[in-house]
Structure formats: C-alpha cells, structure tokens
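Asks: Checked Swiss-Prot, it gives:
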- 11-20: compositional bias 'Basic residues' (COMPBIAS)
- 11-30: region 'Disordered' (REGION)
- D89: 3-methylthioaspartic acid (MOD_RES)
- 105-127: region 'Disordered' (REGION)
- 112-127: compositional bias 'Basic residues' (COMPBIAS)
Amino acid sequence: MPTINQLIRYGRKPKKKKSKAPALQGNPQKRGVCIKVSTMTPKKPNSALRKIARVRLSNGIEVTAYIPGIGHNLQEHSVVLVRGGRVKDLPGVRYKIIRGALDAAGVEGRRQSRSKYGAKRPKDQKK
C-alpha cells in the first residue's frame, strides 16, 4: 500500500493489457504463406483429427493456425488470411484461417452460418 506522498510523486501506473494474438501486431488480420498443412489431436475429453496449418506471416512470424469447416483446398505455399481466435482444445493454436479469402476456398454445400465459412448463397435458398 503506497503512502499519500508516494502517490503524489509517482502516481499509479496503468497495467499493460497483454495481447491474445501478438503475432498480428495489433492488426485485425494478416496475410501469410502455408509452410506445412497437417492434422493434430485435441486435448483430453475430445477425440478428432483437427486440420491445422503452419503459416509464415508477412511480418516473418511463424504461427499455427486452425482451418475451420469441413474439407479444405490448402497445401504448401497457399497464401492465406489469418485472424486471431484460439481453438480451446488445441494447445498452442491461437489463430484461425479465414475461409473464402485469398487461396482458402469457402466450405462447399454450407447452408447455415455461411459468412463464417466463405460459402456463397445456394441458388434454391429462399429468405
């Protein structure tokens, strides 16, 4: 507990907020190139093969990014757009690839939540 005198002399220093996506350096998204596309198994109660990509961002930082949706067309040297957002059951995965931007195609046959997966509106869908 500081004394009144200490508060007058030094004041209170505001706490620095730690970024949850430091590799983006304050940007909403960053472009990157896939170095390796693979699968990863999730943490304990869950079981699956989650699709991930190792991406070298335009600022030179390498990150592991999750590929959302069913099926993808990504391979080595694909150019992708990366956003922040962790995957709770994959340790160390703090970024996601944006589907439907650059080389990442949208999810085929997606009818609900299409904007999140870069899917075009189907011809027969009514309002």
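Cβ coordinates come from backbone N, Cα and C, glycine included.
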Asks: Of the residues in the compositional bias 'Basic residues' (11-20), how many are helix, strand and coil by DSSP?
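Replies: Residue counts for the compositional bias 'Basic residues' (11-20) by secondary structure: 0 helix, 0 strand, 10 coil.
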Asks: Using DSSP, would you call the residue listed as '3-methylthioaspartic acid' helix, strand or coil?
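Replies: It is coil.
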Asks: Under an 8 Å Cβ to Cβ limit, what residues of the same chain, 6 or more beyond the ends of the compositional bias 'Basic residues' (112-127), are close to it?
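Replies: Counting only partners 6 or more residues beyond its ends, the compositional bias 'Basic residues' (112-127) has Cβ contacts under 8 Å with 68-69, 98-101, 104-106.
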Asks: Starting from the Cβ of D89 (3-methylthioaspartic acid), draw a 10 Å sphere and report how many other Cβ atoms land inside it.
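Replies: Other Cβ atoms found within 10 Å: 16.
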